[in-house]
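Features of the protein shown, as given by TrEMBL:
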type     : residues : note
DOMAIN   : 2-377    : domain 'Major facilitator superfamily (MFS) profile'
TRANSMEM : 42-62    : transmembrane segment
TRANSMEM : 71-88    : transmembrane segment
TRANSMEM : 94-117   : transmembrane segment
TRANSMEM : 129-147  : transmembrane segment
TRANSMEM : 159-178  : transmembrane segment
TRANSMEM : 206-224  : transmembrane segment
TRANSMEM : 236-254  : transmembrane segment
TRANSMEM : 261-281  : transmembrane segment
TRANSMEM : 287-308  : transmembrane segment
TRANSMEM : 320-340  : transmembrane segment
TRANSMEM : 352-372  : transmembrane segment
Amino acid sequence: MPQISASLIFFLSAFTLGTLYCPQPLLPIYSDIYKISLSQTALLTTFALIPLSFFPLIYGIISEYISPIRVLKFSLWGLAFSTFLFTLGDNFTYLLLIRLLQGFFIPGILTSTVTYISQTTIPEKIPQYMSLYVIGTIVGGLGGRLLSSFLATHVHLNAIYFFLSASLIIMQCFTLRLQQKPTKPANKIYLSDIFKILISPIYREILLTIFSVSFVFACVMNYIPFRLRELDGFSWIHIIYLGYTLGIVTSFLSQRLQKRYNVVNIACIGLVIFLSSLLLLLTTTPLYIFIIVFAFCGSMFFVHSILMSFVNSVGQESKGLVNGAYVAFYYSGAVTGSYFPGIVYEHFGWVSYIWLLFAMLFISSLIFFVTMKVKSPSCQVKA
């Protein structure tokens, strides 16, 4: 893969995730502006995530018939334009509709990017480029949140959306240098092909595990600004997402570990750390929450990077379908986690909220471990 392509993969995932998550630290501001509850405000995240729960699979199928680069270019234009439209809103319903529109274009960029990686990279290099993709999403998620908070404070509430819209247009220009490759498959894709992936024990457990991990992660990161405000830690909200920086380190680390150790073992270690850091968030000290979020984010992206490489290495199935399914399950977890558990938090408090998430993730992790280590010993391989 040419170096320009590797660099572009990083920036594409970064600006896309920046667009997806930039409203998150601004949710308390929107709540005050429109006089709505915290769970209603969180819909700004949820609406953008809704299409990501099923559209990646559609884009994955399309990418099997036409070049993923074409899908990428179309989605980039759509996301740039809809991001600009967000700045024209003056009521909350309009903002929700634009966020929903953005959600239709975001999976096109993400799915075509990972499909491009899997189609143009030799198997031995897949973990390296998947880690690069994940690191891009980390930098984008962190940068989008930090920059939106900074610009809202010092420039204007909508400044971040102008910046991201312009950046996406610039990225469009650089896609001209990506190498296009015919991707039309020899055989048609049938509904049964999708079910084959979903009912395979290995794929099923990878997909259900990433759903649970994403669900819990979205829950915590979407509502932690409200928790900090409860604890009189409002000043911490602007820097709480610095925890994402550890995810960059752990993604690089996962790439190295996958070459030397059993991929199932290191995935389970990441899940244990993720579960432990989740429970530690029960603390009532804002400083401790800030520190724990580093471990929470680092372990999440460690697991994400491993599972994304793993799912691209365990079979010969259509890469577009496999990657589409993975992205769909990842964001299905995020969309459900970004809203529904918030109702529990709103009515029963933070402690009940955290224990609910812990129970769900523990059960999912246990099933993953049993399936991979006992029922399907043949999948105990390096990614």
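Using the three backbone atoms N, Cα and C, a Cβ is placed for every residue, glycine included.
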Segment confidence, the domain 'Major facilitator superfamily (MFS) profile' (2-377), expressed as mean pLDDT:
82
Would you say the transmembrane segment (71-88) and the transmembrane segment (236-254) are in contact under the rule of three or more C-beta pairs closer than 8 Å, pairs 6 or more apart in sequence?
no
Given the transmembrane segment (159-178), which of the listed stretches 71-88, 129-147, 206-224, 287-308 has the most Cβ pairs that are under 8 Å apart from it?
71-88
Top Cβ-contact partner of the transmembrane segment (320-340) among 42-62, 71-88, 352-372 (pairs under 8 Å):
42-62
Would you call the transmembrane segment (287-308) and the transmembrane segment (129-147) in contact, using three or more Cβ pairs under 8 Å, pairs 6 or more apart in sequence?
yes
Same chain only, please: residues at least 6 beyond the ends of the transmembrane segment (71-88) with a C-beta under 8 Å from a C-beta of the stretch. Say none if there are none.
12, 16, 19, 59, 62-63, 94-95, 98-99, 101-102, 104-109, 111-113, 116, 158, 161-162, 164-166, 168-169, 171-172, 175, 178
Count the CB pairs under 8 A between the transmembrane segment (206-224) and each of 42-62, 94-117, 352-372, then give me the winner.
352-372
Would you mind listing the long-range same-chain contacts of the transmembrane segment (42-62), meaning Cβ under 8 Å and 6+ residues beyond its ends?
20-21, 23-24, 27, 30, 71, 75, 95-97, 99-100, 102-104, 106-108, 110-112, 115, 189, 194, 218, 222-223, 318, 320-328, 331-332, 334-336, 338-339, 342
